[in-house]
Amino acid sequence: GAPFLHFKFSILNGLPSLCSCLHPSSLFNTSCLLLFICASSPAIFPSNTMSVTIHTTIGDVKIEVFCDTAPRTAFNFLALCASGYYDGTAFHRNMKGFMIQGGDPNGTGKGGESIWGGKFNDEFHADNKHDVRGQVSMANTGINTNGSQFFITYERQPHLNNVYTVFGRVLDGWDTLDQMERLPVEGEAATKKRNKFRPINRRL
């Protein structure tokens with residue numbers, strides 16, 4: 001069966017912040033996205049950031065999305081969240097001390113498209129580094145191949161800088177992230193090599 005760690009999203013802050021995430025070349029109908037925006041962002045947030053909560057079967061993780069330093073990537077992620085694209089999908093790859101990866105509607109690690117369809121370019125910024133636990137980045141299969149998959153780091157991973165686009169960071173839910181890291185995976189018993197780091201299917 002599919003891995004048990006399923007999730008869905010809530011976009012938590014206000015309408016003014018959305019505008020800074022809109023990319024001029026976007027083809028997405030933003031009227032759909034606006035319906036999912038609820039309360040105003042906290043005062044401690046600058047006006048060009050947004051927060052999203054990932055609701056998993058073992059708890060919530062709240063992340064800040066970098067609309068200012070990764071606007072196109074942030075818009076893609078927020079639009080996919082709001083469209084329900086991620087709802088019911090699973091984290092298919094979990095590597096202790098490294099990262100946990102999800103965002104593939106097929107659950108295989110080989111699927112997923114951007115909000116525009118297909119892939120889009122990398123978006124690197126000097127301020128966005130894999131320098132601490134809880135950085136949120138796009139997964140890819142090479143240069144300029146971003147789609148819908150993303151990962152959350154468990155530790156600093158400087159070798160990933162300027163290879164994978166960092167577009168957010170964990171704000172809250174560190175206990176949930178700790179639990180994620182401890183989840184058992186299929187390991188050497190996996191029937192397929194690519195499933196070695198897949199969380200074992202079980203109910204919580």
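Every residue gets a Cβ built from N, Cα and C, even glycine.
Record features (TrEMBL):
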type: DOMAIN; residues: 55-204; note: domain 'PPIase cyclophilin-type'
type: SIGNAL; residues: 1-21; note: signal peptide
Mind tallying the domain 'PPIase cyclophilin-type' (55-204) by DSSP state, helix then strand then coil? 31 helix, 37 strand, 82 coil
Which value does the mean pLDDT take for the domain 'PPIase cyclophilin-type' (55-204) in this predicted structure? 90
